[in-house]
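Engineer: Not my notes, these are from TrEMBL:
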ACT_SITE  His99  active site
ACT_SITE  Asp102  active site
BINDING   Glu230, Glu266, Asp294, Asp337  Mg(2+) 1 binding site
BINDING   Glu266, His269, Asp305, Asp307  Mg(2+) 2 binding site
Amino acid sequence: MSYFEKVNKVEFEGPQSTNNFSFKYYDPEKVVNGKTMRDWLRFSVAYWHTFTADGSDPFGAGTMIRPWGHLTGLDLAKARVEAAFELFEKLDVPYFCFHDVDIAPEGSNLKETYANLDIIVAQIRDYMKTSKTKLLWNTANLFTHPRYVHGAATSNHADVFAYSAARVKKGLEIGKELGAGNYVFWGGREGYDTLLNTDMKLEQENYARFLQMAVDYAKEIGFDGQLLIEPKPKEPTKHQYDFNVATSLSFLQKYDLAPHFKFNVEANHATLAGHSFQHELRVARINGMLGSVDANQGDQLIGWDTDEFPTDLYSTTLAMYEILKNGGLGKGGLNFDAKVRRGSFDPNDLFLAHIAGMDSFAVGLLVASQLIQDRVFDDFIVNRYKSYTEGIGLDIVEGRADFHTLESHALTLSQIPNESGREEHLKSILNQYLLKTLTEV
Ligand code: XLS
Ligand code: NI
Ligand code: NI
């Protein structure tokens, strides 16, 4: 049975192609900077947005027309798996991701929920025997159900803490069974809405205890995937503890958890935190903590996580710049934590949206790799900091300077020759590289 009968396997046809169901820039076998596009980009489909979500929003009902939409319960869950592997194969996408509740319905108690999960995980495992698509990461949804109203690991209620631990325990077991490359913690309810009822200190300590127990359990069962924290400053909670990469890193360091975790950086979460996507990737990268990416984009005019498919070529280029500088994403990937707009309700839009996102990141890869190869920004930056390679600057970075020697040096200065940072010029070079790459493909 086919769910997307009218869509054939999507192939690279180049920018001249008029076939909407083809890649214009993403050429999986093309070698860029020593690796294939497929291996640099490591695309992943997010199960929740593509197979589970129905397009409902706080003001309106679901709009999505889905070939599995008439089913319920486990039948629905099974049909989604079938549809998912059909889409993975037609897009030739190497990875996918899911939350436990995306793949199987919750039962009336934990045992029933486990039983439902076991049925669907077995079905997924069967598909994975012959499919090329692997599991990038899975996670436990610790935010939708009313029990998480006051948080999960940071709930005021110890039973919720225990229940959440059970779900993560099961999640790690599923991750191991399906060979997941990573396991994600996104704490949508780990934070507070008002300090008037919140013991922030206890909540944060409990969160650290929870993560340590997860580390211990992963080790106990031999789960060798990378554990990832996905920061987000707010939404649904007013203030989330994993606010951004820098805040989360300090938290991990304080509790000696940093060696066990990396970050899953999401573009729209970066902008919600008042940062650029590139900023968050850079902070993670320079600290050796860049694990994986939730590839999407927000909307400048809307103040929440719109999770749009990434089409902004500046953003994909600067993201790929960081990823290339990182030497790639290791076990991570570019997961389209992105949803088609409510008005894009046709099943074909699922393909067209992924094609748009994949082509946009392929362009980003091409442009970024050229920028790096030509040392466009590198040379500029090296030159900009050259005062640290000699004299007093070298004394500073090599630890020979103190306030006495610095004052003596300062007293000899008459005028300090600052130079222009050339921001506009650098941006115009970026434009040139973008346009040049686009015409050369
Ligand atoms: C929500 C998050 C979520 C995580 C996984 O904003 O992006 O989808 O990626 O729980
Ligand atoms: Ni995400
Ligand atoms: Ni998000």
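Glycine is no exception: its Cβ is also placed from the backbone N, Cα and C atoms.
Those TrEMBL annotations? Automatic predictions, nothing curated.
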Engineer: Where ligand 2 binds, which of the recorded positions His99, Glu266, Asp294, Asp305 are close by, with Cβ under 6 Å?
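Structural biologist: Near ligand 2, sequence order: Glu266, Asp294.
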Engineer: Please name the residue among the recorded positions His99, His269 whose C-beta has the most neighbouring C-beta atoms within 10 angstroms.
Structural biologist: His269
Engineer: DSSP secondary structure for Asp305 (Mg(2+) 2 binding site), reduced to helix/strand/coil, please.
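Structural biologist: Asp305 (Mg(2+) 2 binding site) sits in coil per DSSP, no helix or strand.
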Engineer: So which recorded positions out of His99, Asp102, Glu230, Glu266, Asp305 are up against ligand 3, CB under 6 A?
Structural biologist: Glu266, Asp305
Engineer: Between the Cα atoms of Glu266 (Mg(2+) 1 binding site) and Asp307 (Mg(2+) 2 binding site), find the distance and write it as a whole number of Å.
Structural biologist: 9
Engineer: Please list, in sequence order, every residue of the chain apart from Glu266, His269, Asp305, Asp307 whose Cβ lies within 8 Å of the Cβ centroid of the Mg(2+) 2 site.
Structural biologist: Lys232, Ala267, Asn268, Leu272, Asp294, Asn296, Gly298, Asp337
Engineer: Near Asp307 (Mg(2+) 2 binding site), which of the recorded positions His99, Asp102, Glu230 can be found within 10 Å, Cα to Cα?
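Structural biologist: The recorded positions close to Asp307 (Mg(2+) 2 binding site) (Cα within 10 Å) - there are none.
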Engineer: Does any of Asp102, Glu230, Glu266, Asp307, Asp337 have a Cβ within less than 6 Å of an atom of ligand 1? These are the recorded positions; tell me which, or none.
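Structural biologist: Cβ under 6 Å from ligand 1: Glu230, Glu266, Asp337.
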Engineer: Between C-alpha atoms, which of these binding-site residues comes nearest to Asp102 (active site): Glu230, His269, Asp294, Asp305, Asp337?
Structural biologist: Asp337
Engineer: When you put Asp294 (Mg(2+) 1 binding site) at the centre and draw a 10 Å sphere around its Cα, which of the recorded positions His99, His269, Asp305 have their Cα inside it?
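Structural biologist: Within 10 Å of Asp294 (Mg(2+) 1 binding site): His269.
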